[in-house]
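Trainee: What Swiss-Prot records for this protein is below:
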- 9-37: motif 'Q motif' (MOTIF)
- 40-216: domain 'Helicase ATP-binding' (DOMAIN)
- ALA53, LYS54, THR55, GLY56, SER57, GLY58, LYS59, THR60: ATP binding site (BINDING)
- 162-165: motif 'DEAD box' (MOTIF)
- 249-396: domain 'Helicase C-terminal' (DOMAIN)
- 417-437: region 'Disordered' (REGION)
Amino acid sequence: MTEEVSRKQNFRQLGLSKWLVESLDAMRIRTPTAIQSGCIPEILKGRDCIGGAKTGSGKTIAFAGPMLTQWSEDPTGMFGIVLTPTRELAMQIAEQFTALGSYMNIRVALVVGGESIVDQALQLQRKPHFIIATPGRLAHHILNSGDDTVGGLKRVKYLVLDEADILLTETFSNDLKTCVGALPPKEKRQTLLFTATITDQVRALQDAPVQKGKQPLFCYEVENVDNVAIPSTLNTEYVLVPEHVKEAYLYQLLTCESYANSTAIIFVNRTTAAEVLRRTLKALDVRVASLHSQMPQQERTNSMHRFRANAARVLIATDVASRGLDIPTVELVINYDIPSDPDTFIHRSGRTARAGRKGDAISFITQRDVSRIEAIEARINMKMTECDKVHDTAVIRKALTKVSKAKREALMAMEKENFGERRKLQKRKTQKDGKRV
């Protein structure tokens with residue numbers, strides 16, 4: 001059920017250590033959010049927890065705060081593990097743990113696909129205090145790296161599943177079982193599940209029998225997550241677009257007066273579409289980067305750094321970027337391809353209008369997307385309005401010819417470089433290595 005908690009308490013009153021409150025203050029984080037006020041005291045009491053709150057609500061501090069507070073009382077060995085579905089989200093969480101624990105010389109290990117397995121094994125052998133990982137790569141170490149590397153997992157006090165609704169799907173099932181199997185039994189550790197979408201599968205965990213010697217699981221939902229799906233500061237609009245000229249409409253929207261200087265994330269459903277758009281927009285002098293699962297990790301990291309630093313003002317991404325990533329300056333989200341799952345629309349759109357800021361989410365609708373839009377509008381309980389910033393005549397007059405030329409050149413270059421074959425090879429390598437994202 002949804003619980004109401006006063007947000008007038010400060011972090012010290014919630015029970016966090018003095019040093020951690022000072023660290024938060026140095027980061028200008030002084031007032032707890034609802035999810036933090038609701039979960040931190042109960043976690044500090046030793047309770048397992050399910051926390052649900054909209055994207056951008058401060059869920060990381062809701063679990064990191066109590067973990068760091070209790071770790072600081074005995075700062076030795078492997079203390080906690082955070083599992084999350086994507087590499088970029090793992091990197092972000094690791095950065096937050098490192099920043100929060102900087103006063104205490106915290107050791108944080110990042111264990112994700114695409115990075116050196118040997119270097120990660122060496123990090124794990126040094127017994128980091130906290131491990132932030134994607135399930136596939138951590139499972140690989142558990143199965144292959146030996147007890148010197150992963151033996152410390154048997155003594156961890158905390159397991160966190162961030163974006164729990166995704167981690168509990170079949171995609172991660174085998175790797176998650178491997179990871180959990182290397183940890184202490186659940187009656188000897190705290191398990192914390194956090195998500196922006198509390199699914200029936202997550203909620204059903206409340207009905208599990210209470211372990212002997214443990215308190216009942218605590219579930220806290222902010223603003224009834226299932227009914228209040230998007231921020232009130234988010235403006236949702238649509239553009240009716242002929243399928244064969246979507247790129248021209250996109251270019252016209254990105255360069256119109258309203259958005260010519262805006263930072264934007266463009267979501268597509270396929271990696272090939274992301275690459276075509278990246279090359280097309282780059283040829284049209286748009287500062288652009290891309291992010292998708294088939295990119296080498298160094299390129300993914302570089303793209304995120306460029307976008308955060310505003311070296312690229314547009315990021316083209318698949319749904320690897322739709323969860324949890326906190327880039328406060330994003331002003332515009334474009335759903336270039338409409339997702340089949342309405343919750344995916346919610347997570348994508350949540351990359352803007354964060355922490356009370358205003359933002360726009362604009363969806364490109366072709367004749368095949370009508371049923372999907374109807375499902376999305378039913379899920380968010382509101383109707384989208386038509387965007388008035390792009391018109392057929394303007395697209396035809398200003399954009400169509402040069403955009404079509406840039407797209408043709410992009411497709412020819414990709415064919416020459418055997419992009420599709422390279423993608424298949426990368427996918428096979430990913431599957432072989434047991435890396436999910």
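Yeah, the Cβs are placed from backbone N, Cα and C, and that goes for glycine too.
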Trainee: At a 10 Å cut-off from the C-beta of LYS54 (ATP binding site), count the other C-beta atoms across all protein chains.
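Mentor: Step by step: centre on the Cβ of LYS54 (ATP binding site), count other Cβ atoms within 10 Å, giving 21.
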Trainee: Determine which residues of the chain contact the motif 'DEAD box' (162-165) at the Cβ level, with the cut-off under 8 Å and only residues 6 or more beyond its ends counted.
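Mentor: Contacts of the motif 'DEAD box' (162-165) (Cβ under 8 Å, skipping residues fewer than 6 from its ends): 50, 59-60, 63, 82-85, 89, 93, 193-199, 201-202, 323-324.
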Trainee: If you draw a 10 Å sphere around the Cβ of GLY56 (ATP binding site), how many other Cβ atoms fall inside it, taking every protein chain shown into account?
Mentor: 20
Trainee: Using DSSP and three states only, what is LYS59 (ATP binding site)?
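Mentor: DSSP assigns LYS59 (ATP binding site) to helix.
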Trainee: Given a separation of at least six residues and a C-beta threshold under 8 Å, show me what packs close to GLY58 (ATP binding site) in the same chain.
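Mentor: Long-range Cβ contacts: PRO32, THR33, ILE35, GLN36.
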Trainee: When the motif 'Q motif' (9-37) is classified with DSSP, how many of its residues are helical, how many are strand and how many are coil?
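Mentor: For that range the per-state counts are 17 helix, 0 strand, 12 coil.
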Trainee: Give the mean pLDDT for the motif 'Q motif' (9-37) on the 0 to 100 scale.
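Mentor: PLDDT averaged over the stretch: 94.
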Trainee: Cβ distance under 8 Å to LYS59 (ATP binding site), same chain, sequence separation 6 or more: which residues?
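Mentor: Spatial neighbours, sequence-distant, of LYS59 (ATP binding site): ILE35, GLY51, ALA53, ASP162, PHE194, ALA196.
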Trainee: What is the number of other Cβ atoms found within 10 Å of the Cβ of THR55 (ATP binding site)?
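Mentor: Total other Cβ atoms inside 10 Å, all chains included: 24.
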Trainee: For SER57 (ATP binding site), write down the residues of its own chain that are at least 6 apart in sequence and whose Cβ falls under 8 Å from its Cβ; none is a fine answer.
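Mentor: SER57 (ATP binding site) has long-range Cβ partners THR33, ALA34, ILE35, ALA196, VAL222.
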Trainee: If you take the centroid of the Cβ atoms of ALA53, LYS54, THR55, GLY56, SER57, GLY58, LYS59, THR60, the listed ATP site, which other residues of that chain have their Cβ within 8 Å of it?
Mentor: THR33, ILE35, ALA196
Trainee: Around THR60 (ATP binding site), how many other C-beta atoms are within 10 angstroms of its C-beta?
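Mentor: Total other Cβ atoms inside 10 Å, all chains included: 24.
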